[in-house]
Amino acid sequence: WNTESKPNYGRSDSYRVATTQDKDDRSPKKKKGAATKDMDDLKKEVPITEHKMSVEEVCRKFQTDIVQGLTNAKAAEFLIRDGPNALTPPPTTPEWVKFCRQLFGGFSILLWTGAILCFLAYAIQAATEEDPAGDNLYLGIVLTAVVVITGCFSYFQEAKSSKIMESFKNMVPQQALVIREGEKVQINAEEVVAGDLIEVKGGDRIPADIRVVSAHGCKVDNSSLTGESEPQSRSPDCTHDNPLETRNVAFFSTNCVEGTARGIVICTGDRTVMGRIATLTSGLETGKTPIAKEIEHFIHIITGVAVFLGVTFFILAIILGYSWLEAVIFLIGIIVANVPEGLLATVTVCLTLTAKRMAKKNCLVKNLEAVETLGSTSTICSDKTGTLTQNRMTVAHMWFDNQIHEADTTEDQSGASFDKSSVTWIGLARVAGLCNRAQFKAGQDSLPILKRDVAGDASESALLKCIELSCGSVRAMRDRNKKVAEIPFNSTNKYQLSVHETEDPNDNRYLLVMKGAPERILDRCSTILLQGKEQPMDEEMKEAFQNAYMELGGLGERVLGFCHVMLPEDQYPKGFAFDTDDVNFQTDNLCFVGLMSMIDPPRAAVPDAVGKCRSAGIKVIMVTGDHPITAKAIAKGVGIISEGNETVEDIAARLNIPVSQVNPRDAKACVIHGTDLKDLSQDQMDDILRNHTEIVFARTSPQQKLIIVEGCQRLGAIVAVTGDGVNDSPALKKADIGVAMGISGSDVSKQAADMILLDDNFASIVTGVEEGRLIFDNLKKSIAYTLTSNIPEITPFLLFIIVNIPLPLGTITILCIDLGTDMVPAISLAYEAAESDIMKRQPRNPFRDKLVNERLISIAYGQIGMIQALGGFFAYFVILAENGFLPSILVGIRLNWDDRSVNDLEDSYGQQWTYEQRKIVEFTCHTAFFVSIVVVQWADVIICKTRRNSVFQQGMRNKILIFGLFEETALAAFLSYCPGMDVALRMYPLKPTWWFCAFPYSFLIFVYDEVRKLLLRRNPGGWVERETYY
Amino acid sequence: MASTEDKPANKESTSSWKDSIYNPRTGEFLGRTACSWGLILLFYLVFYCFLAGMFALTMWVLLLTLDDYVPRYRDRVPFPGLVIRPNSLDIHFNKSDPLKYASYVQHLESFLQRYNDSTQQGNEDCPPGEYYIQDSTEVMTKKVCRFKRSALSLCSGLSDTNFGYSEGKPCVLLKMNRVTPTFTERFGSPIQMQYFPIEGRIDKMYFPYYGKRAHEDYVQPLVAVKLLLTKEDYNKELAVECRVEGSDLRNDDERDKFLGRVTFRIKVVE
C-alpha cells in the first residue's frame, strides 16, 4: 500500500455524493458466486429513466393525467397487474420445515434411532414370544415423547423470538394521498399503483418512487437509502443523469422533511430502488453463528462417541454370545446414556434467559444464537450517525469577541457553559433566534427543550434549541421583534436574511439580521461587534476570523456566520415596503456578530463504551457516509481514534513533509475515503485492516461497507456491524452479527439485523458483548455439568455387558436424570456471575477457543464422571449386599438373574429369589444409583460454578442454583417415594441410609476440584492449566 | 479464481489431517508429544489407582458392617416363591418313548440325591408339628431336620425309577424357596391329585431357615405331586396351577406369578 497512489487522501473539499458512480467503477473481483451475483446486481444501473422524460411523456407512459390522475378503473387494473405496493417479505421457511428441523436435528436423530430400535425389538419380541415384556415398547414411547417434546420446546422458543420480530413490522397501515379522477383521496399506501398522481407534504413518508411534477420547498431525507444525512431539495427539473442524484425523483420509504410536492408514481413495491436493495439483502447468504458452529461441533463429538461405543458394544455383545435382540437393547441403552437429552433444551433456555436480560438492557435479540456472537465479536464496524452520535445537530462552538466559546453539547446539559453576559452574545443570540424559520411543534411545553420536536431543518433547529436554552423563549423574542420581510436561504445567495421591528417601541428603526456561509457574510460586513461595540473590520480581525473559521471547520463542524445592522430610520422609515424579490434595501456594510458551528455530537456514553471495547480487545471501526473531516472529529471525540494517535496526514502535517514520505506503519490510525477504498486491491485492504488499529472509513457506499465487512472476516475476525439505513442492510446481513437501530432504523435494516438496539446507543452493544461473553463461559459450565453425568450413566451398561452383573442403572432412570434432575441446576449455571472482569480479556478465538474442548471432556468424562460412577456403583453394591447378594457372587450372575424361568436364584445367604423379587431389588438399585448421581451432581454443580476461582471466592449467591439443588433433591425424593412410581417408572423407595452412600464421593469431587483449581491459580500456565482448564 | 484459491487450502488440510495423527516436525502423536502423553497417562494412572483405592476402602467398610449369617434387610423376600422340578414349565413327553422323558427323570433323580436316606441319616429327627427354633446365639451352626426321600413314596424314584413318566402319570416335585425367617403352614393345590407326603402338608419343623452359613446341610421339604392323568387327558396341553396356602403366605401377587404359586403346562402323548 502506497500513499502516493491516493492523491485524494484526506482531502476535505469537493465531496460529491458517492452513490452509483462508485459502484460502477468497482472492478468485479469477488470470489464467491453468490456474492458476485449480489454485487453485480447492486452495481446495475437503477433502471429508472422517467427523470429524463418530460412530464407529458411520463403521463403518456403511465396512461395518467397530470391534473385528474388515474381513473379508478385504471388504478384497479394496474393494481392487479403489479400487485400491492409493498415489499415482499423475505422468503420464510415454511413452519413445518422449521418444525421438522427441530424434530430431526441435533441429537434427535440418535434418539429416533433408539426409539425405532425399541419398537423393532418389541416387534421381534411380539412375533416370537407369547407374552412379550412391554419394557421396550414403553421405552420406545418414552424416547419418542422425549424427542417430540424437546423438539416442540425448541420450536416454540424459536417461534417466540421470531414473533418479537414481527411486532416490529409496522402494523398501522401507511396512508397516501392520491388524486384519482380529479379527487384527492386518502388510501392505503399498499394500494398505490404506478401512474398514480400523489401528493406529499413535510413529515410524510414517500409511498413509492415518484417523479416529481411540482414542488414547493420540498426537501427529502434520503439517509435511509444513501446514508446522506443532509436533506435534499426536490423539484421538477432533471438535474442529473443518475436517477439517485437527480432532483426530480423521490424514493419509496424516504421521508419528506418539509415543503410539499406532487408527483407521478413510477415504481411500486419491489421494483422501487428501496425494494431492490431489500430483495438483494434477503438474498445474501449468512454464515452460521459461532455458537451454532460450536454446538454442531459438540454434537458431532457426542454423536461420534455414542455411535462408536454403541457399535463397539453391539459387536462385542454379538461376540460374547448375546442374542441379536439383546445386543440391540444394549445399543439402545448406550445411545440413551450417551446423549445428553436435556442439553440442547438447556442451551436454548440459557440463551433465552440471556436474550431476555439483554432486552432489559435495550439489546433486543432476534436470533437467539446471536446472543453469544456478540460475545465473540472481535471487530465492530459502527455507523456514525445515530449510533455514536446523538443524531441531532447541536451548536458546539461559537466565535465572538474574537474568542472561541464552547457550547454544551451533552444530552443532559451537564457540560460546561460559556460566559453569557457579553453584549455580543446577546446580539448573536438575537440574530440566530430571529433569522431562523424553525419553530417548536405545538404542545411540547412540558418536554425538556432538547427533546422537543422542531419543524425546520437541522441547522436551524440546532440554533433554535441553543438560543432557547440560553436566552429563554425564542417565540417571545420573535413576538417582540415582528418580522417584516424575509429572504429564505438559497444556494446562489448562500445567506438568509430577515428584517424585524425592534423591541423598543420608541425606536422606529428596523433591524436586519442575516446568517449564511461565513465567507459570504464576511464579504458583506464592514464592521465587527466586539464587547458590544462596533469596530471597523480590519485585516487583523479578518485573519482572526479566518483562523476561527478554519479551526471550527477542522473540527468537522458546520459553521455559519451571523451579522446584523440597524437600518437607518431616515432611509427606511416605519412602514417601509421591503421588497424581497427585487431587493430595495441595504444588504452590505453590515456588522459582523459572530460564528456559530454545529455538529452532531457524540453520545455521552460512547467514549466510555469505546474504551471498554478497546480493553476487551475489540477493534472499533467507524464506517460512515459522512465527510472524512467530520468523521475524524467524531472518531477523535469518542476515542475511536485515541488521543495521541495520528494518521499519516497528521504526521505529515506535524513534520511538515509530504504525505508520501511518511511510513504508513508509523500511523496507527487512518481515515480512508470511499473513493480511495474503491482503488484498493484486496491485499492492500487486508494490509490496512491488519496494520491499523484505529480506522475510520468515510464516504462509504453500501457495497463498500460490504467489502469492509468481508475484509475483516477474511482476516478471521468476527464482525459486528451497526447501521440504521437501508444502505447498511447488506453489510448487516453479511456481518456475523448485524445490529440495527430500534428508533432510527429502517424496517429493512431491522429485518437484516440479528439484534436491535432499542435505544440506538452504542454503549448498549458493550453490554451485549459482556452478556455474550458471560453466556459463553456459563454455557461451558453448564455443558461440563451435564456431560459429567454421562459417565455414571454409561458405565453401568458397559459393566453389565462385560462382567455380567445385574443392570445397575436403567434407561428410564437415565432419562429421569437427563431430563429431570439435571435440568434446573444446568440452567441455573446460566445465572452465574462472571468470575473475573470479562471485559478485560481478548475476544475468544473461534478457531482455538471451543465451547467444548478436550480439556472439558477430560475433566467431565475422565475425572469427575469417574468419581461419580464409583459413587453410583457403591450405592448399587450396598443395596445388593444388604439384601443378600454380596459383590463376590454378582459377576456372571446376570444370565440367571435376567432369566424369567429361574425363580429360585440363590443369594450369598442361601435365600432363593423369584424373578420378580430380585427385579424389585434391581430396580431399587436403579433408584439408588439415580439418587447417588443426584448427590454427586450437587458437588458437580458447585464445582462447575467456577472454572478458575474457588467456590469460596465466588460465593453461593446464585439463588437459582440453590433452588436447583433443592429442586433436584426434592424431585429425586418424589420419584423414589411417591406411591405408584414402582408401577409407572419402576422406581422404589430407598431406605434413608442408602441416600448417604454417595456422600463420600460427593465430598471427594468437591475437594478434588478445589485442589485442582488451587493448583491452577497458583501456577498460571502450568501443566494443570494446560490439561484441565476448560 | 475460486479453484486456484481452494487448492492450497486443500493441500494444507490433507497435510494437517496427517499431522493430527503424527506430526514428524514436532514429534506429536495425536496432538501430543511423547512427554505430554506420558505425563497425562501417568496422571490418569495415579488418579485411577487412587480412585480404586478409595472404592476398595468404602467397599471394605461396607463388608465390615455386614452380618455373616443373615442379610441386613430381608424385606424384599418376605414370602417364598414356589418352583417345580423338573425345572420346566412346559412338560411335554411321549410316555411310550423313554428317550423323550429321560431328561426329566434324570433331573429329578439328581435333584433328589441330597435327600437320599443315607445322607439324611446324619440329620436331626425333629419333633413334627412345631417350629424347630434354635435361637441360641452361642452355637452358630444350626441343626437340620431330616427329610427322607422315601417320604415321597411313589414319587421318590425308589420304587418307580421312572417317576411315573412311563405310565403317563408323571410326578412333579414342588419346592418352596428358602427364605430366612419365614414360617409356613400348609401346602395345597387346587387340583385333585395324589400328594406325597399325604395331604401335601409341609411340616413346621423344617422352619425357620437360618441361612446358608448357619444351616449348611439344610434341605427344603418337598411335596411330590403325581398327576393321575387318564386316557382323555393325553395329547392335550393341560395347565396345572399349584398354590401354597398358609397363614403367613401370599399366593395372589398380581405381578409375581411365582410367589406362593406356580403354573405349569403338561402334555403327555401316548
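Each residue, glycine too, has its Cβ placed from N, Cα and C.
As given in TrEMBL:
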- A:1-41: region 'Disordered' (REGION)
- A:49-123: domain 'Cation-transporting P-type ATPase N-terminal' (DOMAIN)
- A:103-125: transmembrane segment (TRANSMEM)
- A:137-156: transmembrane segment (TRANSMEM)
- A:222-236: compositional bias 'Polar residues' (COMPBIAS)
- A:222-241: region 'Disordered' (REGION)
- A:298-322: transmembrane segment (TRANSMEM)
- A:328-351: transmembrane segment (TRANSMEM)
- A:783-803: transmembrane segment (TRANSMEM)
- A:809-834: transmembrane segment (TRANSMEM)
- A:855-879: transmembrane segment (TRANSMEM)
- A:920-939: transmembrane segment (TRANSMEM)
- A:960-977: transmembrane segment (TRANSMEM)
- A:992-1008: transmembrane segment (TRANSMEM)
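Among residues of the same chain six or more beyond the transmembrane segment (A:855-879), those with a C-beta under 8 A of the stretch's C-beta atoms are 301, 780, 783-784, 787-792, 795-796, 799, 808-809, 887, 890, 921, 924-925, 928-929, 931-933, 935-937, 940, 943, 994, 997-998, 1000-1002, 1004-1005, 1008-1009, 1027-1030. As a quick check, the transmembrane segment (A:809-834) and the transmembrane segment (A:137-156) clear the bar of 3 or more Cβ pairs under 8 A, pairs 6 or more apart, so the two touch. Tertiary neighbourhood of the transmembrane segment (A:328-351): same-chain residues 106-107, 110-111, 113-114, 117-118, 120-121, 136, 139, 143, 146, 150, 153-154, 157, 291, 295, 302, 305-306, 309-311, 313-314, 317, 322, 368-369, 371-372, 775, 778-779, 782-783, 786-787, 790, 793-794, 796-797, 800-801, 811, 814-815, 818-819, 822-823, 826-827, 829-830, selected by CB-CB distance under 8 Å and a gap of 6+ residues from either end. Mean model confidence for the domain 'Cation-transporting P-type ATPase N-terminal' (A:49-123) is a pLDDT of 83.
With a cut-off of 8 Å between Cβ atoms, the residues of this chain six or more beyond the transmembrane segment (A:783-803) that come close are 298, 302, 309, 313, 316-317, 320, 322, 330, 333-334, 337-338, 340, 342-343, 346-347, 809, 814, 817-818, 822, 825-826, 829, 851-852, 856-857, 859-861, 864-866, 868-869, 871-873, 876, 891-892, 894, 929, 932-933, 936-937, 940-941, 944, 1030. Sequence-distant neighbours of the transmembrane segment (A:960-977) (same chain, 6+ residues past either end, Cβ-Cβ under 8 Å): 816, 820-822, 824-825, 827-829, 831-832, 927, 930-931, 934, 937-938, 941, 945, 985, 987-990. The transmembrane segment (A:298-322) makes no contact with the transmembrane segment (A:992-1008), as judged by fewer than three Cβ pairs under 8 Å among residues 6 or more apart in sequence.
Same-chain neighbours of the transmembrane segment (A:137-156): 98-99, 102-103, 108, 111-112, 114-116, 118-119, 122, 332, 336, 341-342, 344-345, 348, 811-812, 815, 819, counting only residues six or more beyond its ends whose CB sits under 8 Å from a CB of the stretch. Taken residue by residue, the domain 'Cation-transporting P-type ATPase N-terminal' (A:49-123) breaks down under DSSP into 47 helix, 1 strand, 27 coil.
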